[in-house]
Amino acid sequence: MTISDVPTQTLPAEGEIGLIDVGSLQLESGAVIDDVCIAVQRWGKLSPARDNVVVVLHALTGDSHITGPAGPGHPTPGWWDGVAGPGAPIDTTRWCAVATNVLGGCRGSTGPSSLARDGKPWGSRFPLISIRDQVQADVAALAALGITEVAAVVGGSMGGARALEWVVGYPDRVRAGLLLAVGARATADQIGTQTTQIAAIKADPDWQSGDYHETGRAPDAGLRLARRFAHLTYRGEIELDTRFANHNQGNEDPTAGGRYAVQSYLEHQGDKLLSRFDAGSYVILTEALNSHDVGRGRGGVSAALRACPVPVVVGGITSDRLYPLRLQQELADLLPGCAGLRVVESVYGHDGFLVETEAVGELIRQTLGLADREGACRR
């Protein structure tokens, strides 16, 4: 698609969900998705120059609702509550925080559960997408709103991969970036754990080759199992052992068919996801993570990163076993606009980027300071 910078739509009211039509989208693979819609929320007021936007990018099972209580269209509270608002790291007395639901998601944006032109869910017909495709859709949605340059992009995990593709692929449209708990490409360990999650979903007979949306049956057992396995990679080993050790769940006896405490905890995590997420989106977005490689078509990782002119803050979590610190160190070493790796001490593993709000809030403030300085240089 050709991205037009002529505004055709407007931002929704603060905290409400708006659906932005971006038309047909040609993917990196060459496939085309027609009638793409991207869900958007915002906090803060857009400046007259439209130059104060901070784009907040969610991880795998997130959505556009970054802060605030549950409400229409967002059945759970904000996943990064407190990150945006008056006096918050993204201070909405100055900045306008904008969050999208990613292409392929299930909270308003076009994905496998959305209706195609024939009035039926996309299901198995929804094509594989890449992180790069997700960012192209976000850029198009913002352009439809008349936002041609953003102050900063901020994200962790899959959101960090999206932020990385923003600064590498669209350096003229972003002044600074915060890359949290992410790497330049998918590792063998990540692909191994993530393809196993996909296999769990597809092994569920109710998967029905991905065309389950109108059958009254969904691969709930497979999605629960995938989430349990994923959640283990999100939390820290020491944290889990400190909380649960080898304890039984209450009065249950594992030797007599009962459960361990950590087993009960993981089952609860799987159950929670079922109430708010679609298995088809889980598969599509996990495949996008598997194919993540900022160096693809750009001469390799080193060449792609060294060519990026955008100032960035790179942050990693000490106990992250899904995206270990060596991956952020590579980004910090190769991105010319990075002044060194920022390390967040945490026992919470990969989820530390969500839990350690004070430390991460300071990294956000540093990123917005870079955006200010870069904005002065570009004027």
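Quick reminder: no glycine exception, Cβ is built from N, Cα and C everywhere.
What you see is a predicted model, and the numbers here were worked out from it, not measured in a lab.
Sequence annotations record features per position, and here Swiss-Prot assigns active site, nucleophile to Ser157. Annotated active site per Swiss-Prot: Asp320, His350, in sequence order. Taken from Swiss-Prot, the feature substrate binding site covers Arg227, Asp351. Taken from Swiss-Prot, the feature domain 'AB hydrolase-1' covers 52-356, and the record attributes it to sequence analysis.
The Cβ of Asp320 (active site) has 27 other Cβ atoms within 10 Å, all protein chains considered.
Each residue contributes its Cα atom, and for Arg227 (substrate binding site) and Asp320 (active site) these two points are 17 Å apart. Within 10 Å of the Cβ of Asp351 (substrate binding site) there are 23 other Cβ atoms, across all protein chains.
A helical conformation is recorded for Asp351 (substrate binding site) in the three-state DSSP classification.
Each of the recorded positions Arg227, His350 was scored by the other Cβ atoms within 10 Å of its Cβ; the lowest score goes to Arg227. Under a cutoff of 8 A between CB atoms, and with a sequence separation of 6+ in the same chain, the neighbours of the residue listed as 'active site, nucleophile' are Ala59, Leu60, Leu180, Ala181, Val182, Leu322, Tyr323, His350, Phe353. A gap of 8 Å separates the Cα atoms of Asp351 (substrate binding site) and Asp320 (active site).
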